[in-house]
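S.K.: Have a look at this one.
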Amino acid sequence: MARVLGVLLCLLALFSSSLCLDHANGRGDQALAQINVYETSLALDSSVKLHASPQVLGSQGEDTEWVNLAISNPKPTSDDWIGVFSPAKFDSGNCWPTSGGKEKTPYICSSPIKYMYCNSHPDYMKSGNVTLKFQIINQRADVSFALFSNGVQEPHLLGVSNPVAFFNPKAPVYPRLALGKNWDEMTVTWTSGYNIDEAVPFIEWSAKGLPARRSPAGTLTFNRNSMCGNPARGVGWRDPGFFHTSFLKELWPNREYIYRLGHDLVNGSTIWSKNYTFVSSPYPGQDSKQRVIIFGDMGKGERDGSNEYNDYQPGSLNTTDQVIKDLKDIDIVFHIGDLTYSNGYLSQWDQFTAQVQPIASTVPYMIASGNHERDWPDTGSFYAGTDSGGECGVPAETMFYFPAENRAKFWYKTDYGMFRFCVADSEHDWREGTEQYKFIENCLATVDRKTQPWLIFIAHRVLGYSTNDWYGKEGTFEEPMGRESLQKLWQKYKVDLAFYGHVHNYERTCPIYESQCVNNDKDHYSGTFKGTIHVVVGGAGSHLSPFSSLVPKWSLVRDYDFGFVKLTASDHSSLLFEYKKSSTGQVYDSFNISRDYRDVLACTHDSCEPTTSAG
């Protein structure tokens, strides 16, 4: 009976935690979710004029352009707003068939891809004659701009602009690199409007100075029926295009390669992207400088100021820009969950891949699964929340490559030089006896610490330690059943660092085991491994999460600000940790680990190999 009661209490804690996190993470703050699309009424006004220019975008191959929207409205109000629609035709003719509910078909059935209040221009309320600037990316369809009055809950459609379109709306765009399953393999995934019956996708690539060669690409997509619920199946749905992945194999270590995306059309012509470059991975254990960026919960921003609501993702562009600025000193990036915060509005995935393209096209962009990618009731996720907006993992698992055995089970291991990364999936059960637990132990157990001394554990939710406000109120300082399930593995296999997102701030613990600091140093750790350092690095972009007023001894550094972590391995014995502010790029927290192979082998707290007294 006591055991049953214990299980029930654990489950209660789990689901109460999920509810708390839904509130704390601002579920529903997705800007597009504020628009009550189905309540739109037609109120066309012939005196309202809208003109968008230029009408042809990307004539020189660009995938991003600025559009000027000239507005003339003789009766401006503070509730007027512009919706940007793509495809440009957005009336009831595009409505998804439904079996019931509404007495009549609504005039609009799909969300805009972005929106902006007209009074964001200071002169709008004075004259109603202004020009707004919108940044438009290539999303495989034409674009129109619509003026609405009466706010976003019961919008009145007053007028629609002329359409604008990219010269080639189907062009290959937004390449994103990822490590393959072997160290000498790089994968390239990109988006286009070409299905395989229209064009054959491939990568043309070469080491600098050598002849180019081609590697074929596979093609995937998904449809509305792939979504698990609304808004992803309803107003948030937008055709995602096609996703192509090519595997570049047998790469030389640490060599620069040039590549471009290609599609051979059925008419015999070829569509090309511009040229990109990357540097291949070092050989596992190679002694060279290796630099890693880690952050979570970045989301996306709009450089034109649109889609601003409730300060939802205020740090996203700063983090992106700082990483781009430092890109020559970065080798690989880990974005550990809550990628876009699209929450069922599919257009946001294109906008996210466009935002991170300068990073992801140059260095491997490795991802983890978060609640905003995966969680939906009765779909196999560990949490019964609705944070994915009905996406249930499909866009993340399809649009990005990661070297998992089963893409629906978002856990994987990957090696980069002197690093071994074990990436867990906190949205699936990780407890002892589960398939994922066995993966985690295997990942930790199979690394050769002689050649790869730096062992890193990654998960989205905080399976270790955090003094975030809601964890503090629960008294757990963690995701329920997190460290209780995994700490003996971290200790046994001597995990150097464990990283988490989900909580939108920065926090670092002492080297810790069973909630006790096992080392009193703060900025330099040397000698025998004693315990794992746990780091929350979920402050990359989404609105910040407050800390608890309780500060346990194990919490060494906290920062209520946006930032990211950089790891620099100089050799097999030296690792530099830096936490940088997204706003300035300045280092706010840092420490060094100095550890030789014998220090990893040495016996310490619950991580001793059996011995015998026999001679």
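Using N, Cα and C of the backbone, Cβ positions are placed for all residues, glycine too.
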S.K.: What does Swiss-Prot list, out of N343, N371, N406, N592, as binding the same substrate as H502, V503, H504?
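M.R.: My reading of Swiss-Prot gives N371 as the candidate in that site.
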S.K.: Can you find which of D331, D338, D429 Swiss-Prot lists as binding Zn(2+) at the same site as N371, H460, H502?
M.R.: D338
S.K.: In Swiss-Prot, D338, Y341, H504 are given as binding Fe cation, so which of D297, D378, D387, D469 is in that site too?
M.R.: D297
S.K.: State the count of C-beta atoms found within 10 angstroms of the C-beta of N129 (N-linked glycosylation site), not counting that atom itself.
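M.R.: Neighbour count, Cβ to Cβ under the 10 Å cut-off: 15.
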S.K.: If I take the alpha carbons of N275 (N-linked glycosylation site) and Y341 (Fe cation binding site), what is the distance between them in whole Å?
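M.R.: Spelling it out, the Cα of N275 (N-linked glycosylation site) and the Cα of Y341 (Fe cation binding site) are 30 Å apart.
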S.K.: C-alpha of H502 (Zn(2+) binding site) to C-alpha of N318 (N-linked glycosylation site): distance in Å?
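M.R.: Cα of H502 (Zn(2+) binding site) to Cα of N318 (N-linked glycosylation site) measures 19 Å after rounding.
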S.K.: For D297 (Fe cation binding site), find which of the recorded positions N267, N318, H460, V503, N592 come within 10 Å, Cα to Cα.
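M.R.: Those close enough are H460, V503.
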S.K.: I'd like the number of other C-beta atoms within 10 A of the C-beta of N275 (N-linked glycosylation site), please.
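M.R.: By my count, 11.
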S.K.: Under a three-state reading of DSSP, tell me whether N275 (N-linked glycosylation site) is helix, strand or coil.
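M.R.: The three-state answer is coil.
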